[in-house]
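A quick write-up on the structure given underneath.
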Amino acid sequence: MSPSSPPPLSSAVFICISFLALMISPSAALTCSSQTFTHNQVYSNCLDLPYLSSYLHFSYNSSNTTLSIAFIATPSKSGGWIAWAINPKATGMAGSQSLVGYKNSTTGTVQVHTYDISSYSSIVAKDLSFEVWDKTAESRRDGSLAIFAKIKVPADLAASGKINQVWQVGPSVGTDGRLDKHAFAVSNLQSKGTLDLKSGQSSTSSGGDDRLKKKNIHGILNAVSWGILFPLGAMIARYIRTFESADPAWFYLHAFCQVSAYAIGVAGWGTGLKLGSESSGITYSTHRNIGIALFVLATVQIFALFIRPKKDHKYRFYWNVYHHSFGYAILVLGIFNVFKGINILKPEDKWKTAYMIVIIALGGISLLLEAITWVVVLKRKSRKSTKPCDGYNNGQS
């Protein structure tokens, strides 16, 4: 080794540092502090917002209560929209005074418009309740959009030094400027928080977490009741009763499954009503109406336990028609509505996959039992038809 060569340890450290530097990709290091703008705007604060891969740059002049902002986000689909808003009175979307940016489909330029979101059902392009000026927007090379504006912060908010911020991304914009509905995934529902104008910090609300827990409870209760226990109880009644040795155990198992499913389903139905009452303006009509129909059908079905005629009663045939018809209707509507709920809640794919595996397994078991019970029934009929009658001459006259 020559005198000018570095010591072995120094060489190793140098190589390790160089390797790590090469391994860190530019995208992994991307934060708001590395972002630049076409016109070289500079802001005193920037935040990596916790949801929807969004960023907020801002400066606040307390002497004249002026807030300068640059909001960066990527629309959920090409041709979609991004929005950043201040809610003067609440923490959610309803009541927000919003800046919305999207690319004009005709000219290709990015536009900024103001929307007064007085309620979930009323999203109107109009002037905001406070002064806004210097509204511009730009399209960025990575496909994201940036909104720029200066805002006169209302006196009461300026006095507290804090504002409620809401941000969102959507899939498309109608030709009349109507914003198409955004997704209702966890990240969309939790994209809100409090912005401290003085410290430059942001905090997110825990209300979204509480609401998400309620939705998860609602989904789990209904998936277990309408989507698993009711089908299982129907399978017991259809297939297990075929085996004479299972009588009357099959009946008690069937009743236990259906009563348990009904109790759990009513609890899930109640949580759904509670969620609906807390979400004025957000309606899932099909999911809600099917849920109401299931509750009514299941309630009537439960009464079948109390009005069940004996097997030889003249009304037993009509009772069977009513009981089976309602049962199969609950079975089909229940499974269908569970999938509707999964599409609304949008959990991780593994949960939808898990439920599909359960349903496929129940379906496969049903097909197998269907074949087995038909064989049992046909053999039983065959034995009865070939059995000699009692009497003289081996049953012959």
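Placement of Cβ uses the backbone N, Cα and C atoms for every residue, glycine included.
From a predicted model like this one, the values you see are computed outputs, not experimental measurements.
Feature annotations, courtesy of TrEMBL:
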SIGNAL    1-29  signal peptide
DOMAIN    52-170  domain 'DOMON'
DOMAIN    178-378  domain 'Cytochrome b561'
BINDING   His218, His254, His287, His323  heme b binding site
TRANSMEM  219-237  transmembrane segment
TRANSMEM  249-270  transmembrane segment
TRANSMEM  290-307  transmembrane segment
TRANSMEM  319-342  transmembrane segment
TRANSMEM  354-377  transmembrane segment
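With DSSP classes pooled into helix, strand and coil, the tally for the domain 'DOMON' (52-170) is 6 helix, 69 strand, 44 coil. Listed in sequence order, Gln301, Ala304 are the same-chain residues six or more apart from His323 (heme b binding site) with CB atoms under 8 A from its CB. If you take the C-beta of His218 (heme b binding site) and look for same-chain residues 6 or more apart in sequence within under 8 angstroms, you find Gly268, Thr271, Gly272, Leu275, Gly341.
Of all Cβ atoms in the protein chains displayed, 18 besides its own lie within 10 Å of the Cβ of His287 (heme b binding site).
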